[in-house]
Amino acid sequence: MRIPIQEVTPDLEKATIAGWVHEERDLGGLAFFLIRDRTGIMQVTVPKKKVPEAVLHAIKEVSRESVVRVTGIIKATEKAPGGRELVPESFEILAKAASPLPLDVAEKVPAEIDTRLDARFLDVRRPRIASIFQIRSRVMEATHSFLFNEGFINITTPKVVAAATEGGTELFPIAYFEKEAFLGQSPQLYKQMMMAGGCEKVFEIGPIFRAEEHNTVRHLNEATSIDVEVSFADHEDVMQLLERLMRTVYQAVADDCADQLAHLGVTDPAIPDTTLPRLPYAEAIEIAARKSEDPIAYGDDLGTASERIIGEEMGAHYFITEWPTAIRPYYAMPNERDPSICNAFDLMHPRMELSSGAQRCHIHDQLVEQIRSKGLSPEGFEFYLKPFRYGMPPHAGWGLGAERLVMTMCGLQNIREAVLFPRDRHRVTP
RNA sequence: GCCCAGAUAGUGUAGUGGCCUAUCAUGAUGCCCUGUCACGGCAUCGACUCGGAUUCGAAUUCCGAUCUGGGCGCCA
């Protein structure tokens with residue numbers, strides 16, 4: 001019976017392990033093999049004069065990254081990593097790896113991201129890379145359980161959609177029988193429809209597709225969005241929800257993924273405060289204008305340079321609030337006291353935007369007016385507007401970029417690191 | 001969409017017109033080696049993205065193509 005490497009302790013007499021050949025060192029009469037599985041790496045020591053002929057044959061045959069199953073005596077020894085080593089009675093090659101390898105799993109030689117993504121299955125064998133996806137898995141699990149505990153129901157909405165409705169980004173057209181169709185850029189409108197459906201609290205975690213031709217370390221053309229929508233809530237309610245989520249997720253990772261964080265060199269996961277600063281847009285502009293070389297004025301979008309300046313100033317997660325209505329989408333609810341600003345917000349990490357949300361406009365006629373004022377045609381929005389005519393409660397929500405969350409949490413330099421098989425401007429395989 | 005940069009063994013690199021039948025590391029193969037842990041030693045193998053131009057001579061300069069990375073706009 002094969003046991004995980006992590007569970008091989010010096011007090012075991014005998015064990016069978018299975019995994020990949022991480023490294024081999026042949027000293028002549030004595031050879032060492034490092035065998036790696038999901039749980040760790042351990043040393044197999046082969047005194048050539050004392051092992052069966054079959055073992056000698058196998059170790060001559062085996063190559064790096066081959067899959068092997070090794071059974072033998074466990075010896076406690078100071079000289080081996082982990083304080084124990086295995087002396088094989090049998091050494092089976094389950095699957096021999098071809099040579100040369102497309103990249104060096106043992107990380108003696110670095111590989112560029114492109115090379116790594118072309119051989120992602122090998123890349124993920126590296127403990128450091130596997131850690132990212134173990135953390136990502138924990139983030140997703142913590143997010144799900146947090147939202148279920150908060151009384152949300154999980155919904156699934158279509159990714160094949162009829163038209164651009166949220167506006168803004170470009171969509172991918174797809175061949176859909178005789179109709180025109182696109183890949184969904186956001187579940188936003190469907191979430192809102194479910195507010196009219198009386199669901200009150202919904203979430204969806206799923207792919208979003210954006211056909212923007214940007215080529216940066218923080219954009220993907222297929223990303224994972226953590227989306228929520230809440231009835232009878234305003235922007236402040238859902239910002240607080242987001243704060244609780246962030247704290248819960250960071251705490252879960254800090255509690256359960258200490259080894260993985262260590263692999264990534266993250267010594268302080270910087271668990272966000274319960275109450276994050278609310279930085280009004282006007283003040284954000286002031287900070288940016290004060291330190292920026294380019295002129296920035298109220299009403300401008302916050303560019304990458306501005307975001308960086310403000311992020312340095314803030315030093316930790318923060319919200320940007322009180323956005324001008326003019327530069328936010330039509331569905332944002334204008335502020336009661338001052339309609340020139342709206343109840344929209346962005347959650348920022350010092351490095352980049354993580355989430356965007358708002359209290360939504362739930363009043364049909366006002367929504368139509370706002371669609372018009374953005375230069376759009378309400379006729380094209382009929383399927384979206386219909387629910388607003390039959391009892392749409394006030395509601396608010398946000399979308400949080402899962403990859404950006406993992407990226408900033410783990411200190412990754414490229415968002416592609418946070419996705420197993422990223423889709424970017426050029427990459428469609430593997 | 002705009003702008004910048006790059007492409008050399010499986011991988012990561014050196015290279016600035018002749019000293020390049022191209023450097024180093026890692027790897028692979030063979031030999032030596034019984035405590036390695038980036039094992040060590042010796043030998044061998046393996047590359048200039050493609051097409052054109054300049055030149056006596058091009059990995060190196062120029063033009064084009066292809067592929068790729070990155071920045072910006074925008075956004076999660």
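Each Cβ is built from the backbone N, Cα and C atoms, and glycine gets one as well.
Predicted automatically and left uncurated, TrEMBL annotations should be read as such.
Looking at A:176-179, A:188-191, A:416-419, A:420-423, the range annotated in TrEMBL as region 'Aspartate' turns out to be A:188-191. For the ATP site, TrEMBL gives A:Arg210, A:Ala211, A:Glu212, A:Arg218, A:His219, A:Leu220, A:Gly401, A:Ala402, A:Glu403, A:Arg404; the one candidate out of A:Glu150, A:Glu353, A:Glu369 that the record lists there too is A:Glu353. For the binding-site residues A:Arg210, A:His219, A:Arg360, A:Arg404, counting C-beta atoms within 10 A of each C-beta gives the highest total at A:Arg360.
Per-site Cβ counts within 10 Å over the binding-site residues A:Glu353, A:Ser356 peak at A:Ser356.
When the record's ATP-binding residues A:Arg210, A:Ala211, A:Glu212, A:Arg218, A:His219, A:Leu220, A:Glu353, A:Gly401, A:Ala402, A:Glu403, A:Arg404 are compared pairwise by CA position, the greatest distance found is 19 Å. Considering only the recorded positions A:Pro81, A:Ala402, the Cβ with the fewest other Cβ atoms within 10 Å is that of A:Pro81.
Looking at A:Glu353 (ATP binding site) and A:Arg360 (L-aspartate binding site), their Cα atoms lie 20 Å from each other.
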